[in-house]
Amino acid sequence: AVYILYGSSLILTAGVTMCGCCGDSPKNENPSSPPVQKNPLKNRGCTDIIFLVIFFLFWVGMVYIAAFSILNGDGFRLLYGYDSYGNTCDRPNQKIGNISLSGLDMTGKKYVFFMDIKDPFNSLQICVDKCPDKKLDSKLELFDFARSSKSNLCSYDTPIEHYRNSTTDKIGPCPVLPVFRSHDVLFRCVPAVLKDFVESYGQALINFLNDSDIFKNILHDLFASWPMMIALCGLALVLAFLMVLLIRYIAACVVWFILALSIVASIACCGVLWWTFYGYHSQMNEAEKTTIPILRIEVENEILFLIYSIIATVLTLILLLIILVMRKRIALTVALFHEAGKCIASMPLILIQPIWTFIALFIFFIYWGIVLAYLSTAGDPYQDQETGFIKYNERAPVRYMWWYHVVGLIWTSEFILANQQMAIAGAVATWFFTRDKKKLSCTMGKSICRLISHHLGSTAFGAFIITLVKLPRYILMWMQQKLKGKTNKCAEFCMKCCICCLWCLEKCLKYLNQNAYTVIAIEGTNFCSAAKKAFTTLVSNVLRVAAINSVGDFVLFLGKIAVMAATCAIGMIWFKTREDLNYYAIPVLLVCVFAYFIAHCFLSVYEMVIDSLLLCFCEDCQMNDGTEGKEYFMSQSLMKFVKNSSEAIARLQKKKAGTDQPDGELEQPESVPMVEKTAI
């Protein structure tokens, strides 16, 4: 927490300093020279600095809660429990007021023992070295157990020699007899009879598995094959990386093959349905001519197949019209797949961003969980008037800190994910709006530096918007769980509708935020302006977005399935060579699950790159028109989808022949004002 606070202060100071250093782009000193082109990446300023300050102050509160929890709470008290005198088990303790048996060193005594397990809330609790491993029916057996195991089951101030003459009661000094054989469950001594009862009636399936040795055999197989499983996960990692590099070549074949197959299958289905209907219709006509009685089921079949044929024909016509209208958009999707492949091939480090994000989230979740454990035990000890035992009450500020801590969990998690999206979008925008791509170096690192120095406020703003939607949804889900079965059906239905609407709103806002981060990475505007422009661009290019989100997502899903299937096939062949495995299908199943998630991590980056490239393409169309001084940044494969593409391509080829440079690698012009136009 201190590291995050210190790092945030450095980032905030650096951001303010760089904002002060942000100057205007150089002006065209010679007015008679031809207009020169503006590069959107050059115009950069600090965005949403107010929200960065708010997020920084919010984390000051998070650090205060962490300090308060650690100083006033005891996470080990939640883990090991505590006795009736306020001593935390397996820990040295400090004395509490005038309580005589408080402040004892309980190191080594890690189990909580109840004097009367039938009434654990009102019985005396002590810390013991060992739970009783056999049933104790008398004081003599209690004495023998304490002497042999060195685990005293009576109060701390009762010597072993006095066990035979001590009182057995739920408030001590010795436990109520008989003392049942116990097992430690979460460091609490729980009678084995209770555990056996639960296993007998609540876990019949587990007992069946244990009796048939299936469960033990599966555990044996997993333990024996874990090196092979790790090797197969590494193979899935390699296959996912290769799939990312190769999918740009196979995307076109897959997309057009699926479309052709859909058309042929739809037409064939219509033909078969009409042929079947014609058969029933002909049979009915022949029956009428020969005066043969007609069964009612034959008439119903004829009517049903007529309805099916009409519906299938209408759906086929709709499908053909959609493909006809969307053919150019689908072709753009294929072209964007190809461009995304080239982008990732030139910046392979972009693929490891999910790993860093996972590490950051993992560290934050551990920190959040530790603080939560201390916060839940941050109470003041007090002596119960009826029993005289020590209990802890929750302080008044703690209940408000709980909500603050939960908001911090959601906001910070979304902030980390938003930074990943912004970093990837910045790298893609840099690659797209650079003509001589051979000069690019450390693109991902520069994108992260640009994010830290300029746009952390925007990601904090976007994450805060998602938090405003997530928090009410979680509250409604909690209320629904608490009120389940206690309210009428209408109230439950309304609550489910609200949860569903908030979920849909959250998904829409996440998609809009991701595109807003791309606009920020391109233009350097604040979050609100970027979100407005992203929304306008998405609405004006709704068919392109629909094609990418449908066709593109399906192709990426096929890529994930391909990686999983290849890993599964190799794993099956490899596991068959192991004669010592009983149920090798279980390790193969786990390997398939891991392979799918590994492929998902890689191909989700591919999806982000495609979405960013679409906005870069639209932004390029708005900024430029292909004329001299305003040439397109996009490659020739994307220029085919621009209205004046033929003139722009001819002009580009002419300039290429004059400069003798490869396509798409022209000299980078200086800056001129950007021309705003409607997205095509």
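The backbone N, Cα and C atoms fix where each Cβ goes, glycine too.
TrEMBL has this to say about the protein:
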- 49-71: transmembrane segment (TRANSMEM)
- 226-247: transmembrane segment (TRANSMEM)
- 254-277: transmembrane segment (TRANSMEM)
- 303-326: transmembrane segment (TRANSMEM)
- 347-370: transmembrane segment (TRANSMEM)
- 402-434: transmembrane segment (TRANSMEM)
- 455-476: transmembrane segment (TRANSMEM)
- 554-575: transmembrane segment (TRANSMEM)
- 582-606: transmembrane segment (TRANSMEM)
- 655-680: region 'Disordered' (REGION)
Checklist entry - Do the transmembrane segment (582-606) and the transmembrane segment (303-326) share at least 3 Cβ pairs under 8 Å, sequence separation 6 or more? => result no
Checklist entry - Can you name the far-off residues of the same chain, 6+ from the ends of the transmembrane segment (455-476), with a Cβ under 8 Å from a Cβ of it? => result 11, 15, 46-55, 406-407, 410-412, 414-415, 417-419, 422, 495, 498-499, 502-503, 505-506, 509-510, 513, 516-517, 520-521, 524, 526-527, 530
Checklist outcome for this item: For the transmembrane segment (254-277), the distant same-chain contacts (Cβ-Cβ under 8 Å, at least six residues beyond its ends) come to 302, 305-306, 308-309, 312-313, 315-316, 319-320, 323, 330, 333-334, 551, 554-555, 558
Checklist entry - Do the transmembrane segment (49-71) and the transmembrane segment (402-434) come together with 3 or more C-beta pairs under 8 Å, pairs six or more apart in sequence? => result yes
Checklist entry - Which one, 226-247, 303-326, 402-434, has the most C-beta pairs under 8 Å toward the transmembrane segment (554-575)? => result 226-247
Checklist entry - Same chain, outside the transmembrane segment (402-434) by at least 6, Cβ under 8 Å from its Cβ: which residues? => result 39-41, 55, 58-59, 61-62, 65, 343, 346-347, 350, 353-354, 356-357, 360-361, 364, 368, 371-372, 375, 440, 443-444, 446-448, 450-451, 455-456, 458-460, 462-464, 466-467, 470-471, 474, 513-514, 517-518, 520-522, 605, 608-609, 612-613, 616-617, 620, 633-634, 668
Item to check | Beyond the flanks of the transmembrane segment (226-247) by 6 or more, those residues with Cβ under 8 Å of it | outcome: 337, 341, 344-345, 351, 555-556, 559, 562-564, 566-567, 570-571, 574-575, 578, 587, 590-591, 594-595, 598-599, 601-603, 605-606
